[in-house]
């Protein structure tokens, strides 16, 4: 029996792939009609996406096969759903992120901010969270987490080693004076635990320089100067001394306490980085795939929306919410892993000598990057220019440059146009300052420098599978409208009109934040957003009132290592347990849902006029392209 169950579990993906279509086949056969056929495809894709029995991108291609064969849509109409304006915006944002990563501009920014923040625990955690969140606004959450976690661990290791050396120095100083408690040496007897390099005490000058592999300690009394090199002291932590003197109980207790403290601190730092990556990705339209899926679904389902979701409007709503969530998350993780001793956490009135080595380590890493190269400068200029063009294209409170120059009667230029314009320049601008003539070291003429990006580099780093997954969502939305399934769902959901909108938004946010813990955030938004839009139209509620919070909540997967790639990366470092993530993540999920709904009903309602049902949402059919 056990062998049989083991075999079934081993082949579970094949069983799901082949049995699921057969089990739900009665729906289109018995009920019949295009609505039932479209429902069959949606249920099938939902189960495939949730179980991940086959690659998510391959599941996203099923509408290309099933919609034409079931008579729902023509193949040419289905295929056009896989390349939309929002896809081009996604490509442009990813090309910018690839360029930033390729030339280490993100690492330079991160290390520079850490040098400003310092290495005190609370400020260090806030610095790591702030840097990670900022980077995740522009590059992938996975890349920002993968870059920041090694830096985090290196800094914590240096802090732990510095504290260990300070404690050992204090104990050895007491041992030299002959009165060190816990040293195992009665007061007044010779300490045999030290081996002097010259066989005894030596004179030394006042200029005692620290050594790389050991710290020199000078004990000065009225008779002589005694210099001791720590590399020759055998009272090191956790080791058996060559002279037979074992580690004292007090020294062992202090070592274990120190290791436990830094293990707990390491957990808090790891969680802060991966959580900040997910939170930061919600601040910009290109920061996370669900944000772009929302824009694509709104433009697809409500073509007359007047470009209500663009880079500027999304940033105006989501950035303050991101800052609020980041601060609250920092306070929660600080209280959970660092405690509330402000004097120790912020270093008020404490000796800062122990911060020099960790700070020096960060400074050395920054020096290794060298001076800012020509390529880094070009990418920084293009990055700033891209963000400025996004903000000023259609700021909302005044006509933007696109409206004045191009979009006088129709929406010709979008955020996708700007993204592709600036991204194309990466393939045109050289990575080094051009110069005439010159020869290389082997006497050959210098070749022309490569461009900032080349296609091989882009091909390796571009997540092409996302485009198929997002396209599958657009195809499902169009299929629901064409088949009449959306109209049927709208009529079925009409009784929800009696429920207060605030309660609907809050409950749906909780549902999405729970569902995304065990499913991809891209698959979650792709699946739920069309249904939420249909429901909003049915109960005469502003579509963004439910679509906006649910989109952001899809990125708030904090409880499980498998929920997001940043969580998995943090968990892979080995110092976290599943329960550590569950305890911290459960509270953050609740905090995230509350803050998003507060933002929705305050400045969000004012920005998007969410208290009234817009004319552009009052549609019954979607025109074919």
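Note that the numbers count up from 1, one per residue, in the order the chain is shown.
Including glycine, each Cβ sits where the backbone N, Cα and C put it.
Nobody curates TrEMBL annotations by hand; they come from automatic prediction.
Remote same-chain residues near the transmembrane segment (12-33) are listed as 39-40, 43-44, 47-48, 51, 53-54, 70 (criterion: CB distance under 8 Å, separation of at least six residues from the stretch ends). Under the heading transmembrane segment, TrEMBL lists 12-33 (among others).
Under the heading transmembrane segment, TrEMBL lists 39-67 (among others). Beyond the transmembrane segment (39-67), the same-chain residues lying 6 or more positions past its ends with a Cβ under 8 Å from any Cβ of the stretch are 12-14, 16-17, 20-21, 24-25, 27-28, 73, 75, 78-79, 81-82, 464-466, 468-473, 475-476, 479-480, 485, 518-520, 522-523, 526-527.
According to TrEMBL, the feature transmembrane segment maps to 88-105 (among others). Sequence-distant contacts of the transmembrane segment (88-105) (same chain, six or more residues past either end, CB-CB distance under 8 Å): 138-140, 143, 285-286, 289, 292, 295, 369, 373, 375-376, 379-380, 382-383, 386, 414-420, 422-423, 426, 431, 452-453, 457-458, 461-463, 466-467, 470.
Here TrEMBL flags 111-139 (among others) as transmembrane segment. For the transmembrane segment (111-139), same-chain residues at least 6 beyond its ends with a Cβ under 8 Å from one of its own Cβ atoms are 93, 96-97, 100-101, 145, 147-148, 151-152, 155, 159, 265, 268-269, 272-273, 275-281, 283-284, 286-288, 322, 326, 329-330, 333-334, 338, 342, 344-347, 355, 358-359, 362-363, 365-366, 369, 383.
What TrEMBL records for 265-288 (among others) is transmembrane segment. For the transmembrane segment (265-288), the residues of the chain that approach it from at least six positions outside its boundaries are 89-90, 92-94, 121, 124-125, 128-130, 132-138, 141-142, 144-145, 148-149, 152-153, 156, 295, 309-311, 314-315, 318-319, 321-322, 325-326, 329-330, 333-334, 336-338, 415, 419, 521, 552, 555-558, 564, 566-567, 569-570, 573, 575-576, 580-581, 584-585, 588, 592, judged by C-beta separation under 8 angstroms.
Residues or ranges marked as transmembrane segment in TrEMBL: 308-333 (among others).
Among residues of the same chain six or more beyond the transmembrane segment (369-391), those with a C-beta under 8 A of the stretch's C-beta atoms are 96, 99-100, 103-105, 107-108, 111, 138, 310-312, 315, 401, 415, 418-419, 422, 425-426, 429, 431-433, 452. Feature annotation from TrEMBL assigns transmembrane segment to 369-391 (among others).
As annotated by TrEMBL, transmembrane segment applies to 462-479 (among others).
According to TrEMBL, the transmembrane segment annotation covers 499-515 (among others). Counting only same-chain residues 6+ beyond the ends of the transmembrane segment (499-515), those with a CB under 8 A from a CB of the stretch are 524, 528, 532, 541, 545-546, 549-550, 553-554, 556-557, 589, 592-593, 596-597, 600-601.
The feature transmembrane segment is assigned by TrEMBL to 522-539 (among others).
Within the chain, the transmembrane segment (545-565) has long-range Cβ neighbours (under 8 A, six or more residues past its boundaries) at 141-142, 145, 274-275, 278-279, 281-282, 288, 290-291, 293-294, 297-298, 317-318, 321, 501, 504-505, 508-510, 512-513, 516-518, 521, 524-525, 528-529, 532-533, 535-536, 571, 576, 578, 581-582, 584-586, 588-589, 592-593, 596-597, 600, 604, 608, 610. The annotation transmembrane segment is assigned in TrEMBL to 545-565 (among others).
Positions annotated as transmembrane segment by TrEMBL: 586-606 (among others).
No contact links the transmembrane segment (308-333) to the transmembrane segment (522-539), because fewer than 3 Cβ pairs that are 6 or more residues apart lie under 8 A. Packing against the transmembrane segment (462-479) from elsewhere in the chain are residues 38, 41-42, 45, 55-64, 67, 72-73, 77-78, 81-84, 86-87, 90-91, 94-95, 98, 140, 289, 292-293, 296-297, 300-301, 485, 520, 522-523, 525-527, 529-530, 533, 622: each is 6 or more residues past its ends and has a CB under 8 Å from a CB in it.
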